[in-house]
Amino acid sequence: MARDQIQVLNALDVAKTQWYHFTAIIIAGMGFFTDAYDLFCISLVTKLLGRIYYFHPDSDTPGTLPPNISAAVNGVAFCGTLSGQLFFGWLGDKMGRKKVYGMTLMLMVICSVASGLSFGHTPNGVIATLCFFRFWLGFGIGGDYPLSATIMSEYANKKTRGAFIAAVFAMQGFGILAGGMVAIIISAAFKSKFDAPPYSVDRAGSTVPQADFVWRIILMFGALPAALTYYWRMKMPETARYTALVAKNTKQATADMSKVLQVEIEEDESKVEHMTGTEANNSFGLFSREFLRHHGLHLLGTTSCWFLLDIAFYSQNLFQKDIFSAINWIPKANTMSALDELYKIARAQTLIALCGTVPGYWFTVALIDVIGRFSIQLIGFVMMTAFMLGLAIPYHHWTTKGNHIGFVVMYTFTFFFANFGPNSTTFIVPAEIFPARLRSTCHGISAAAGKAGAIIGSFGFLYAAQNQDKTKTDHGYPPGIGVRNSLFVLAACNLLGVFFTFLVPESNGKSLEEMSGEHEDETDANNRTVPV
């Protein structure tokens, strides 16, 4: 027979949407805003770094980062993020969400500033210093994934919990947008003050010395929103679910939530003792048979879906280059100065974010508690598969002159359905279906699997998508399988995501304790249903 729920947790589940919900969304969301800004802004300045530090006066084309250095600059933060997700996810369950939340934010602020202050006697010295700080920046960002999702899920009511967690994640879209807008503003300001000729006219003069300040300012700006929310993060009380179910201090949880909800909550001690007891089904660890039996398939579902999704999601740089060049958003590099190139790359990325990225997130916010997580994830994977195949099968048609607008529309819809689909739900569901004592850890494991997919999508496919003809590959890269065949592989990844989605249970409208089995007796736990 199911147990009665602790009163303070029930009060949170049935609470009407209040000001504190929006405060929590803003505080957690600004962390995600910073995360997205810091992770995506580096792709805007890599061309500029190549022009500044790898300029060859005899070359007909501007300097570019060598493939291994480009992979390091772009990928080192992903490696840090993966490590941070595992470490801080585990720490959030051991020390509490609030204590660890401040650590991740300070790490992000310090390393954002330090990234912009990367110096060295040689170009490789500057890049090595930058990579060092980008790794630790990623480490802090990684911690924000499990902690933001867990804190928001544990604060929310069960009726609109999905929308609240999705709103936190949707701040990622604004972070990407802000990265592009800051780059546009900074590059335009420096361009107006320090005008320079195109590379084809004056190779050395096309990159003004002041351009070295531009990338540093863009990277350092990411510290500002994180620093502004530090005070408010420290003022937030520990979540009631951690305090009551993990720390076993229901009196403190009740006192904290009485202040937050501005209502008087009285706790029945007999109910508390019953629910926070140490029976087998309420105390098993991550590496136990009980966890494997109750949540093994759930963890397999959340990790595999996030892994497969991020392979496709982070592979978007495969054909951004083709799109931007084809529709003349970004002309040939030697026809522009360094600052002009940065401006045009940032403008193109901002337009893509505005049209394809941001709307998808907010469609999820609006509909997730209406049609449910399972449906959104399934529809997203199916539509991504369809659009990837729609790009791949007639690929030669899309790349011929006059058909580029259709290519852009297909591309935009692919990533609209990623965001109104698995990119949002893979973040939300792991924060809802695992027990409180393992919630942050399991979310961190799921997110780390996603980042492993991101590394494959970003860098594995950067090599795989190279032309099969050795003479047509990008400088420094070996021949690959080509963009068309890469799109077929990505479509297959999305199709696999459809099947793994069936391992993930629907959590819409249910309390966290219902989903995790924390308010069940052992006999009920043994008779729980399998995933959808």
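Glycine too: its Cβ is placed from the backbone N, Cα and C atoms.
Curation plays no part in TrEMBL annotations; they are all automatic predictions.
Summarising the annotation, TrEMBL assigns transmembrane segment to 20-49, 69-88, 100-119, 163-190, 213-232, 351-368, 374-393, 405-424, 444-465, 486-505. Summarising the annotation, TrEMBL assigns domain 'Major facilitator superfamily (MFS) profile' to 24-509. According to TrEMBL, the region 'Disordered' annotation covers 513-532.
Looking just at the domain 'Major facilitator superfamily (MFS) profile' (24-509), the mean pLDDT is 86.
Across 20-49, 69-88, 163-190, 351-368, 444-465, stretch 444-465 shows the highest tally of CB pairs under 8 A with the transmembrane segment (486-505). At the 8 Å Cβ cutoff, the transmembrane segment (213-232) and the transmembrane segment (163-190) share at least 3 close pairs (sequence separation 6 or more) and count as touching.
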